[in-house]
Amino acid sequence: MDTSCVHMLLSLLALLQLVAAGSSPGPDAIPRGCPSHCHCELDGRMLLRVDCSDLGLSELPSNLSVFTSYLDLSMNNISQLPASLLHRLCFLEELRLAGNALTHIPKGAFTGLHSLKVLMLQNNQLRQVPEEALQNLRSLQSLRLDANHISYVPPSCFSGLHSLRHLWLDDNALTDVPVQAFRSLSALQAMTLALNKIHHIADYAFGNLSSLVVLHLHNNRIHSLGKKCFDGLHSLETLDLNYNNLDEFPTAIKTLSNLKELGFHSNNIRSIPERAFVGNPSLITIHFYDNPIQFVGVSAFQHLPELRTLTLNGASHITEFPHLTGTATLESLTLTGAKISSLPQAVCDQLPNLQVLDLSYNLLEDLPSLSGCQKLQKIDLRHNEIYEIKGSTFQQLFNLRSLNLAWNKIAIIHPNAFSTLPSLIKLDLSSNLLSSFPVTGLHGLTHLKLTGNRALQSLIPSANFPELKIIEMPSAYQCCAFGGCENVYKISNQWNKDDGNSVDDLHKKDAGLFQVQDERDLEDFLLDFEEDLKALHSVQCSPSPGPFKPCEHLFGSWLIRIGVWTTAVLALSCNALVALTVFRTPLYISSIKLLIGVIAVVDILMGVSSAVLAAVDAFTFGRFAQHGAWWEDGIGCQIVGFLSIFASESSIFLLTLAALERGFSVKCSSKFEVKAPLFSLRAIVLLCVLLALTIATIPLLGGSKYNASPLCLPLPFGEPSTTGYMVALVLLNSLCFLIMTIAYTKLYCSLEKGELENLWDCSMVKHIALLLFANCILYCPVAFLSFSSLLNLTFISPDVIKFILLVIVPLPSCLNPLLYIVFNPHFKEDMGSLGKHTRFWMRSKHASLLSINSDDVEKRSCESTQALVSFTHASIAYDLPSTSGASPAYPMTESCHLSSVAFVPCL
């Protein structure tokens with residue numbers, strides 16, 4: 001049948017279709033010729049769009065309408081495409097066969113598809129381009145063959161495709177460019193050969209593709225290019241050679257006079273020669289970052305009048321800023337990761353249209369005046385070596401909106417450095433060496449970063465930044481001026497209270513509130529609430545203040561304040577009294593008294609640390625934000641934290657030693673054994689002190705730091721090193737308490753009933769037991785706090801944590817001496833002995849100053865001697881049990897060098 005007959009038949013069929021469609025079908029009616037399970041809709045009045053995608057079909061539907069203009073058979077299981085099955089679809093313009101299992105397409109499969117414009121065959125199992133099936137599809141404009149396994153392209157497979165504009169051959173297994181197959185595609189405009197295995201591009205590989213505009217060759221294995229491989233591509237505007245193995249600069253691009261966008265980043269190119277782009281005057285964008293570039297010709301980027309974007313990242317061997325003469329239209333310049341140490345003074349004369357300047361990760365030390373770059377909108381100079389910002393550096397940059405100077409060594413900024421930047425909204429000066437910050441001209445800022453400048457401790461008034469939305473400061477105290485932590489705390493508390501109520505309760509509460517208040521009260525209430533919300537949401541400042549970074553009061557509550565003052569006063573006074581009675585008494589100091597005296601001395605240090613914190617709270621009362629950063633970073637906070645940890649650990653270690661000493665002493669006394677010499681005990685005491693000193697020094701060496709909070713204590717939460725340090729302390733101290741408990745349990749179990757009361761110094765045994773019990777009870781909250789932070793248990797409120805750290809932790813330092821003063825009879829005896837000794841010393845001193853006769857002198861001397869003998873005789877005691885039948889194990893004489901511990905009844 002000839003062509004004229006075919007056209008007549010088609011016209012007749014169209015007329016019959018129109019007659020059959022005499023009345024419009026309803027919106028839900030299924031058009032005629034629609035296969036079952038497929039979705040069909042009209043395309044105009046005659047043509048039909050058929051969607052049979054993702055139905056699990058294994059073959060083509062047989063009852064397709066001849067007026068089908070769109071057929072989607074993608075995502076099925078079709079493995080064969082019979083010849084001539086689609087030949088009736090002469091109106092078909094788009095055929096989708098993607099995502100099937102096609103391995104071969106026979107000749108004649110697309111015969112009769114004279115109107116076909118789009119053919120999609122991607123995501124199949126094709127191993128070569130169909131040799132004859134695609135020929136003579138004269139209307140075909142777009143062909144997708146990507147994501148197959150194609151390794152061979154027959155030379156004549158594309159013959160007759162005179163209208164083909166777009167060809168996808170990416171994500172296949174091609175090893176070479178199919179030069180012969182492309183010779184018939186003179187109308188081709190865009191082609192991608194990306195994601196293949198191409199190693200080399202031969203000369204004239206695209207010689208006949210004179211209309212090609214876009215060519216993608218990225219993600220191949222290309223390591224070399226023919227010197228004339230791009231000859232013939234007279235219309236090429238975009239060339240993508242990214243992610244290949246190129247070792248040399250692609251000099252073949254010199255013939256691409258219309259090239260506008262060039263990408264060859266992520267290769268192995270080590271140098272860019274002089275006048276590298278001399279044949280590409282139309283270049284607008286160049287991307288060649290992530291190459292190990294060691295050399296860039298000074299004139300490489302000259303005379304590119306259309307160049308808009310230049311990006312060079314990771315060129316670590318570039319030390320000189322490139323000359324950009326004749327590239328005056330450059331708008332974006334990115335040269336990062338190099339070793340550029342200076343900029344030419346005339347950089348803005350060469351780049352008057354520059355809008356984005358990114359020179360981050362270089363070695364810039366000084367900056368020229370950039371006032372000539374009037375169009376600059378963004379400057380990124382982070383991670384350089386800049387020390388000073390001069391007044392002329394950024395002058396009159398009226399369009400500058402973003403300035404990043406983070407991670408430099410900036411210590412000096414001219415007071416007017418930012419005074420002529422009216423459009424600046426983002427400024428980043430984080431991680432520098434600033435001690436002051438100029439605010440002139442920054443009233444339009446919305447984002448400000450100053451974090452990492454530890455020397456910048458002064459408060460910055462919020463009135464200088466009326467438009468500010470986000471700010472990052474070196475310390476939380478500087479955020480107190482931007483929002484007020486009191487408002488945040490008040491609103492959050494109110495919301496927390498309401499969280500526990502049901503919706504009905506809240507409605508009732510609101511209704512009652514409105515009924516009780518008159519209009520004036522309601523307006524005042526709403527105004528206050530709006531002010532609170534404004535204060536809460538106006539500025540997002542970080543790090544935000546909180547219970548451990550307070551704005552007004554260090555201690556927060558009066559309960560903590562009174563507790564700290566009470567602890568400090570009692571610890572200082574009572575421990576001083578105990579130490580005085582122990583070390584200043586004329587009597588011999590026994591081993592247990594030595595331990596009690598040393599414990600009193602270290603508890604004085606704990607009292608000193610609490611007293612210093614109390615003094616800081618009093619000095620900064622109501623205005624702690626002004627002094628918080630100074631206090632945290634100062635030596636005073638380090639000393640307070642060191643003394644606190646040292647005193648706490650020393651007290652526990654010495655108490656453990658006292659418990660062991662009592663057990664050993666009772667054992668020796670019951671067996672009439674000689675006790676260990678006092679020298680050995682002193683050595684062990686020194687060892688305990690050195691161990692506590694080592695533990696207290698660890699935070700000073702790094703990791704867990706004392707200045708993490710104004711409380712000057714390693715908090716049991718936050719950084720893992722801090723948590724680990726606190727947990728290690730808890731485990732060590734728990735071990736000490738366990739040893740003490742075992743020692744005393746063994747001691748009591750080894751004694752028969754009533755035997756303890758007969759011991760010569762049972763009051764000291766009971767006293768150490770009382771200290772053990774009290775200290776163990778007080779340490780339980782500390783241990784629980786540390787382990788709860790380790791387990792991420794967050795139900796403990798900050799006020800409770802502060803109370804434990806500030807009151808419970810130092811409480812043993814005042815409780816230990818109080819227990820000794822109130823309950824231990826040795827204290828009364830020591831006080832009496834100290835009083836007698838003091839009175840005797842005063843009388844002796846008074847007598848030496850008077851001039852009296854010899855009789856009076858002899859009389860007074862005799863009385864004094866009698867008093868001394870009487871006193872010494874009354875104070876003699878022995879380190880052996882006072883049993884009637886036992887004789888001393890060694891000779892004893894009443895000498896001042898003998899052990900002198902008074903016998904005291906066991907209470």
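One is the number of the first residue shown, and numbering goes on along the chain from there.
Glycine residues also receive a Cβ, built from the backbone N, Cα and C atoms like all the rest.
Database features (Swiss-Prot):
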- 187-208: repeat 'LRR 6' (REPEAT)
- 235-256: repeat 'LRR 8' (REPEAT)
- 258-279: repeat 'LRR 9' (REPEAT)
- 423-446: repeat 'LRR 16' (REPEAT)
- 562-582: transmembrane segment (TRANSMEM)
- 594-614: transmembrane segment (TRANSMEM)
- 639-659: transmembrane segment (TRANSMEM)
- 683-703: transmembrane segment (TRANSMEM)
- 724-744: transmembrane segment (TRANSMEM)
- 768-788: transmembrane segment (TRANSMEM)
- 803-823: transmembrane segment (TRANSMEM)
| Same-chain residue ranges lying at least 6 outside the repeat 'LRR 8' (235-256) that approach it to Cβ under 8 Å | 189, 194, 210-229, 262-273, 276-280, 282, 287
| said: Averaged over the repeat 'LRR 16' (423-446), what pLDDT does the predicted model reach? | reply: 94
| Out of 562-582, 724-744, 768-788, 803-823, which stretch touches the transmembrane segment (639-659) the most, going by CB pairs under 8 Å? | 724-744
| Other than its close neighbours in sequence, what residues sit by the transmembrane segment (562-582), given a CB gap under 8 Å and a spacing of at least six beyond its ends? | 555, 589, 593-594, 596-597, 600-601, 603-604, 606-608, 610-611, 613-614, 617, 803, 806-807, 810-811, 813-814, 816-818, 820-821, 827, 830-831, 834
